[in-house]
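These notes concern the structure reproduced below.
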Amino acid sequence: MSTISSARLLQSTFAGSGRKAFASRGPMSSQCLTPLRLRAIPRQPAAPAGFHSSAVRSFKTVEEAKSRYRSGPFSWKAGLLFLLSGVGLTFYFRTEKERMERKRIAEMSKGVGKPKVGGPLNLVDHEGKERKDEDWRGKFMLVYFGFTRCPDICPEELDKMAEMIDLVKKSKGNVMTPIFITCDPARDTPPVMKEYLAEFHPDIVGLTGTYDQIKQTCKSYRVYFSTPPDIKPGQDYLVDHSIYFYLMDPEGDFVEALGRQHTPEQAAKLISKHIGDWEGPLKK
């Protein structure tokens with residue numbers, strides 16, 4: 001039997017077997033059969049030779065990420081600008097708060113019912129010239145009370161005063177007059193004052209006067225001083241006194257008292273800030 005004949009025989013055999021099987025299932029079986037519909041699946045276009053879809057997608061993803069990073073609302077430039085703005089605002093408000101506090105303290109000394117610090121000066125300087133507080137109007141005054149025979153405190157404070165003078169002059173110019181007022185007028189004559197102050201700073205003005213004049217001046221500045229009773233002529237003695245620097249503004253009003261706890265740098269910085277707060281003209 002040839003190959004073609006064998007194939008036809010097998011085809012007719014399977015066809016007959018199929019018809020018998022369906023017929024044995026009853027008349028409804030043919031109604032349940034529905035023709036099969038094959039849905040065509042669209043073919044994807046082939047990628048160009050030498051490229052892979054995963055590589056292309058990765059490339060696009062990296063480029064998109066870079067683009068979003070460069071153009072996003074929270075880039076590093078925006079973050080840096082936000083940080084600098086925050087630092088600037090913090091510094092401004094802190095500085096303004098300190099300025100308002102200094103102004104409040106200065107205004108308190110002028111208020112009704114507050115003890116006034118400072119007052120008229122009618123004394124003699126270390127050159128023998130009569131001086132009044134009006135002579136220094138338009139400039140700040142830094143006033144210290146002491147005496148030339150003080151063994152340790154006064155020399156230390158005058159050294160400190162000399163540093164403060166130089167620091168303030170470097171920062172603000174020649175807008176402050178440093179003044180040393182003696183609490184021991186009996187021994188601190190103008191020539192003695194001149195020789196003594198030359199050891200510290202040439203800008204310091206020494207002031208002396210009669211006992212009553214010095215007493216009234218100390219009272220005006222709320223300065224305590226005391227000399228021993230029953231002093232004999234030629235007898236050595238010490239004078240107890242307050243240890244403060246009094247900063248006065250260009251109108252002669254008290255601004256602030258600086259104590260021994262302030263270093264020269266701290267005191268000069270505070271003085272410079274008060275000078276910077278002054279809104280009127282300054283005499284140089």
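The backbone N, Cα and C atoms fix where each Cβ goes, glycine too.
The Cu cation binding site annotation in TrEMBL covers Cys150, Cys154, His241. Applying an 8 A CB threshold to same-chain residues 6+ apart, the list for Cys150 (Cu cation binding site) reads Leu238, Val239.
According to DSSP, Cys150 (Cu cation binding site) sits in a coil region rather than a helix or strand. Residues or ranges marked as disulfide bond in TrEMBL: Cys150-Cys154.
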Non-site residues, in chain order, whose CB comes within 8 A of the mean position of the CB atoms of Cys150, Cys154, His241 at Cu cation: Phe145, Gly146, Phe147, Ile153, Glu157, Cys183, Val239, Ile243
CB within-chain contacts under 8 A for His241 (Cu cation binding site), separation at least 6: Phe145, Gly146, Phe147, Cys183, Cys218, Val223, Tyr224, Phe225, Ser226
